[in-house]
Amino acid sequence: MASHQDQASYRAGETKAHTEEKAGQVMGASKDKASEAKDRASEAAGHAAGKGQDTKEATKEKAQAAKERASETAQAAKDKTSSTSQAARDKAAESKDQTGGFLGEKTEQAKQKAAETAGAAKQKTAETAQYTKDSAIAGKDKTGSVLQQASEQVKSTVVGAKDAVMSTLGMTEDEAGTDDGANKDTSATAAATETTARDH
């Protein structure tokens, strides 16, 4: 009987040892899987953070490029307007001896129009640059259309200034010294003013 009891006790101990061993294996496998899942999650988080940083850098670079282009466009418009204004002054000085005070008055009007046009171009370019900066900060990628709009506005303004100056000087040069020429020149100045107003 004692032998039978010893045998049962031995089997119970053996079963307990097997159970503990299996439980240890299951626990070890669970720990390994948990560690592996943690590593994967950490790697995915790092990858996502890297992508976010890349996107932020790209947006920042695009915003900087847009700002530089807007600045270049503004400078080009300023240079063009300055050149047009200088040409008007040179032409006025050359023609003043032939046409007297009438041409001087018209030249002053042309200078004022050129200055107004330059101011409007500068203001429009500044507004466009501010809009570009705000859009970039908000993460919007509208740089291309904004730059195209700025370029068209500046071109339109510069062409308006040139047309106003050329119209004023051209009419004065063709019709210098006659009352009829003075009337035509006044009409041309009014038309140029209307064109410039529409461009604004």
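Note that Cβ sites are derived from N, Cα and C of the backbone, with glycine treated the same way.
So that you can see what the record holds, here are the features copied from Swiss-Prot:
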REGION    1-145  region 'Disordered'
COMPBIAS  13-23  compositional bias 'Basic and acidic residues'
COMPBIAS  30-42  compositional bias 'Basic and acidic residues'
COILED    52-81  coiled coil
COMPBIAS  53-81  compositional bias 'Basic and acidic residues'
COMPBIAS  88-97  compositional bias 'Basic and acidic residues'
COMPBIAS  105-114  compositional bias 'Basic and acidic residues'
COMPBIAS  115-130  compositional bias 'Low complexity'
REGION    172-200  region 'Disordered'
COMPBIAS  186-200  compositional bias 'Low complexity'
Residues in the compositional bias 'Basic and acidic residues' (53-81) grouped by DSSP into helix, strand and remaining coil: 29 helix, 0 strand, 0 coil
Mean of pLDDT values spanning the coiled coil (52-81): 85
Secondary structure content of the compositional bias 'Basic and acidic residues' (105-114), with strand meaning DSSP E or B: 10 helix, 0 strand, 0 coil
Helix, strand and coil residues within the compositional bias 'Basic and acidic residues' (13-23) as assigned by DSSP: 11 helix, 0 strand, 0 coil
Within the compositional bias 'Basic and acidic residues' (30-42), residues counted as helix, strand or coil by DSSP: 13 helix, 0 strand, 0 coil
Secondary structure content of the compositional bias 'Low complexity' (115-130), with strand meaning DSSP E or B: 16 helix, 0 strand, 0 coil
